[in-house]
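Taken verbatim from TrEMBL:
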BINDING   Ala30, Pro31, Ala32, Gly33, Thr34, Gly35, Lys36, Thr37  ATP binding site
DOMAIN    9-313  domain 'UvrD-like helicase ATP-binding'
DOMAIN    314-786  domain 'UvrD-like helicase C-terminal'
Amino acid sequence: MSENIKEFKLLNSEQKQVVENLEDNIALLAPAGTGKTNTLALRVANIIHNNKCKPEEILCLTFTNKAAKEMKDRISKLIDNDLGDRVEVFTFHSFCFNLLKSRGRNLQEISLDFIVYDEEDCKDIIKEILPKEFKYGEKEIYAFINLIKGLKDFNESYEDTLNRIINTSEKDGVTELHKIASSGRYFDYELFNFYKEYALEILRKYDKKLLEYHGMDFNDLIINTINLFQEEDFYETLNLSYKYIHIDEVQDTNLREYGVLKKLFKSNKIMLCGDTLQTIYRWRGATGGAIFRKFMKEEKAALIKLKTNYRSTENLLLGAASFVKNVLPNPQGYGYDLISNSENKGEKIKITSYETLQKEALGVYEKILSLGDINYSKVAILTRNNYQNQELSNIFRKIKENMPKEKQLEFMLVDEFKFFKRSEIKDLLAVFKFLVNSYDNSSLKRIVKKFGKGIGNITIESLEKGEELNIGIRFMDLVQEETFNYGEPFRLLNDSINSGNVVVMDVESTGIDTSNDEIIQIAAIKINLLGAVIESFERFLIPKKELGSSEKVHGFSKEFLLENGVESIKGLEEFVDFSKGCVVVGHNINYDLTIMKSQIAREGARELDITGVFDTLDIARRFYPEFENHKLETLSKKFKVENPSTHNAMDDILATKDILMEMVRQKIIPTSYDRANFYSPYLNKFKDIKDNINTLKKLSEKLSPEDILEEVINMFNVYELYDKVKIENIKELYEIVKNFSSDLKGNINDKLTEILKITALSNSELDTLIEKFPKIPILTIHGAKGLEFDYVFMPYLTEGSFPSFRAVKEDKLLEEKSIFYVGLTRAKKELFLSYHRLNGSKIRNRSQFIDNIDLTFIEEIN
């Protein structure tokens, strides 16, 4: 290793242990600034160098997109780029996303074209379902939904979760439900009772809407992954996929997330990394040292501690370490025994007292000016909460106005710069979302509101009311060609059944990568108006690629396929002939058609020539929302069909056929006239937006993501709809999409899906923002985690602010101490702590945390 990778020679002894010990499970304690990322990258390089496994058998999980990208970049620099690209590096949520995309079919209820809904998207759904007479809005409901789904155990009902929360109180009888019903010191008793009495029903409606829109929120990613791990075949297959697993930032992982990760341990070599002193997410169940202790005990892991700090000067390092020593008498045996690699003793930690907040802000402003000619993006102002950020930003703005031009500093309120959550960015990403998922009513409504001409809120509200009529009305129908050609979307299906032109189909494949995997079985039937089978089709296809773990899923061996199969292009074209001129139906059919179209293009086969596509899963959700779920087995029992589902492809399409005919008889035919009558007044209004969206759908089959975005911008005259600042953001989005696209593999649909995943799961854009905008960032310490700055200012350090009043009252100082420690360790050169004594007419004491830093390392300034 040392002969091949020169960076190895620069490691200290503890880092070398991490890189060289490839036989034990390892618990790595790595405080801030100790070179953890570089050490992990070198460990991965060493595994590959020693041929311990293939690159794709190494899994690295971390907490933020920034950390994942940094890890991937470091690995690629150390070893051959092609090898580095094959190492699997994800955030935890991205890992869950990929698993569900690849094997979500096992759960049946999951639509494989699902997209991730961020917080704002989820609130939009809540607005749709929330009765107008309710006193409380989407903010309060979202807090409840996030709490219940975040704390729900496997196989536990929502009612059980709520009762468990209510019956699990902390000091003074306070429960997690009390906390979300409180604002500061104020407890809203009426909201608390609302949560107990009514909120579960809204949660159930919210979940149904998400399923109907083919969406998942962040909690669903974890809940559904846990459900997927209950599938024994999947669990065994996944364990065989990896040999070495590295999980970073474990201190920010809660026990439920750890339960998911633990399923991967089995016979693999595992390394958990983190810094228990930086556990700042206890509010979401993060357990810090508990997970390390559990891992070491159960997995017999070796403990390695990184002690040498490469970030801060000696005074800053030892000052932060003294704080840890004084507030945590026994911090898991480390934390204050750190060594500085810097030869520079550096400045002491400056502590300044001011009379008022205005004077404190002015003092901070003037101190930044006194730093001289520096890069201001290397300066940061860190606070405990966003309210303080906003307050400081307003004061700085007034100070700046009274300064001569050469002394006017530019500040950036980071919370306002959440790029992918900006309204103009979400407007354009909504188009991408609808192109990959035509069931995403929420995105469609956003598109129509922003880009639809002559379609106002009254029209949209009347359509939403139509969805309550129980005749199968959906907003998305008004951009479907079938609605305009036939008056309502299901008349084509009904006419095709009557003429014997309906094909029900299912496929099995070598995997779920629609760009690269191959179909190995096509099963289909053609039915008449009575639902009787008039023709059957079944072909086994000989794949060019290995079956791998998929054999355990479909049960067909390579030998069986060679003996019973035909060449892929022959089987595909025979199905093209079989289905020509027909409507195609399937249960959760999107995956089947996507992989088939992809393989047809790859093989150079003749294209499908079908007249329409209908999904029995979505039909069931639309017309039978009262069912507990809409799995094939459930629907088979509900409708008492002749051919129940058995997971055999031919049996399943017979069950699908019977279910289809029941739904057509019970719901689709009796309500057809009412639907057409309802849609008729809206057709003219929606024609232009329908034509535009369908044009974009056709273009999205051949254009790159950035070219599609350019078409959207031109088609809707986007630059005429926004101000100058928003137009610049849109131009920046174009560059981001272009950069993403160049790095992504697969077809256009795959690229769009990956871009949407990155934007939805993006939780750390700050480093990009700081590079782009040469301004001084004002942000919370939570937001600064994982970042470093030359100069750090921490104002508002009074009792009641930091630590917060609630933390003191509820005796929850441990997390406050961790947050303070994270703040201290962001600085590389100088650290400035300050506070103001007067809050209005009230006198405030300075934070107890300041007095927990040893006097040796501080300098008091009047």
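Heads up, the Cβ atoms here are built off N, Cα and C, so glycines get one too.
When other Cβ atoms within 10 Å of the Cβ of Thr34 (ATP binding site) are tallied across all protein chains shown, the result is 25. Cβ crowding, taken as the number of other Cβ atoms within 10 Å, peaks at Ala30 among the binding-site residues Ala30, Ala32. By a simple count of nearby Cβ atoms, those within 10 Å, the most crowded of the binding-site residues Pro31, Gly33, Gly35 is Pro31. The 10 Å shell around the Cβ of Thr37 (ATP binding site) contains 19 further Cβ atoms across the protein chains shown.
When secondary structure is read from DSSP and collapsed to three states, Thr37 (ATP binding site) falls in the helix class. Apart from Ala30, Pro31, Ala32, Gly33, Thr34, Gly35, Lys36, Thr37, the residues listed for ATP, the same chain places the Cβ atoms of Asp275, Leu306, Asn309, Tyr310, Arg311 within 8 Å of the centroid of those Cβ atoms. Long-range Cβ proximity for Lys36 (ATP binding site), meaning a same-chain Cβ under 8 A and a gap of 6 or more residues, is found for Leu28, Ala30, Asp248, Cys273, Leu306. Per-residue confidence over the domain 'UvrD-like helicase ATP-binding' (9-313) averages 82 (mean pLDDT, predicted model).
DSSP gives Pro31 (ATP binding site) a coil state; it is part of no helix or strand.
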